[in-house]
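J.: Have a look at the structure that comes next, please.
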């Protein structure tokens, strides 16, 4: 597939997602990075977003709960270019009923080439990067070209 680019803005739109057994770890990470995260737009699946807002006071755009379609809503925003970074603390030791949605979310984040953190160490690397609060160009699939080729 041909590629094009898009610019991630300096004020990022960050999706925050966590499985039940990882919510506390994500809350701790958000709390310890509140000053940096407050400068960006936060999105989250339902339960996670409400917990983050209650614990930190940071505004969060809440989707549905993950099992009710929230993971797919976040994935759709990624595909539309409306999410610039994903922090997803998923539980590698417990299966969840919506595992296919989780795989689809991670696949879309990879297809659309956005930064993804699956654990605290990676999230710390991303938030401490000089690129975190600056514009950054990324390569993405050229969907319009792909569509045009398929319609010929």
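Even glycines carry a Cβ here, placed using N, Cα and C.
For reference, Swiss-Prot lists these features for the protein:
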- 6-152: domain 'MGS-like' (DOMAIN)
- 19, 23, 45, 46, 47, 48, 65, 66, 98: substrate binding site (BINDING)
- 71: active site, proton donor/acceptor (ACT_SITE)
J.: Give the sequence-ordered list of residues that share a chain with residue 65 (substrate binding site), lie 6 or more positions from it, and have CB atoms under 8 Å from its CB.
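T.: Long-range Cβ contacts: 45, 46, 47.
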J.: Using C-alpha atoms only, work out the spacing between residue 19 (substrate binding site) and residue 71 (active site, proton donor/acceptor) and round it to an integer in Å.
T.: 11
J.: Could you measure between residue 98 (substrate binding site) and residue 71 (active site, proton donor/acceptor) for me? Cα positions, answer in whole angstrom.
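T.: Distance (Cα to Cα, whole Å): 9 Å.
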J.: Could you check the binding-site residues 45, 47 and say which one's CB has the fewest neighbouring CB atoms inside 10 Å?
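T.: Ranked by other Cβ atoms within 10 Å, the binding-site residues 45, 47 bottom out at 47.
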J.: Max Cα-Cα distance in Å among 19, 23, 45, 46, 47, 48, 65, 66, 98, the residues listed as binding substrate?
T.: 17
J.: In sequence order, which same-chain residues at least six apart have a C-beta under 8 angstroms from residue 71 (active site, proton donor/acceptor)?
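T.: Looking at Cβ-Cβ distances below 8 Å from residue 71 (active site, proton donor/acceptor), excluding near sequence neighbours, one finds 17, 45, 98, 101, 102, 104, 105.
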J.: 10 Å Cβ neighbour count around residue 98 (substrate binding site)?
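T.: Here the count is 19.
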J.: To what whole number does the mean pLDDT across the domain 'MGS-like' (6-152) round?
T.: 96
J.: I'd like the number of other C-beta atoms within 10 A of the C-beta of residue 19 (substrate binding site), please.
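T.: Within a 10 Å radius of the Cβ of residue 19 (substrate binding site) lie 21 other Cβ atoms.
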J.: Around the substrate site formed by 19, 23, 45, 46, 47, 48, 65, 66, 98, list the extra residues of the same chain whose Cβ is within 8 Å of the site's Cβ centroid.
T.: 17, 18, 20, 44, 67, 70, 71
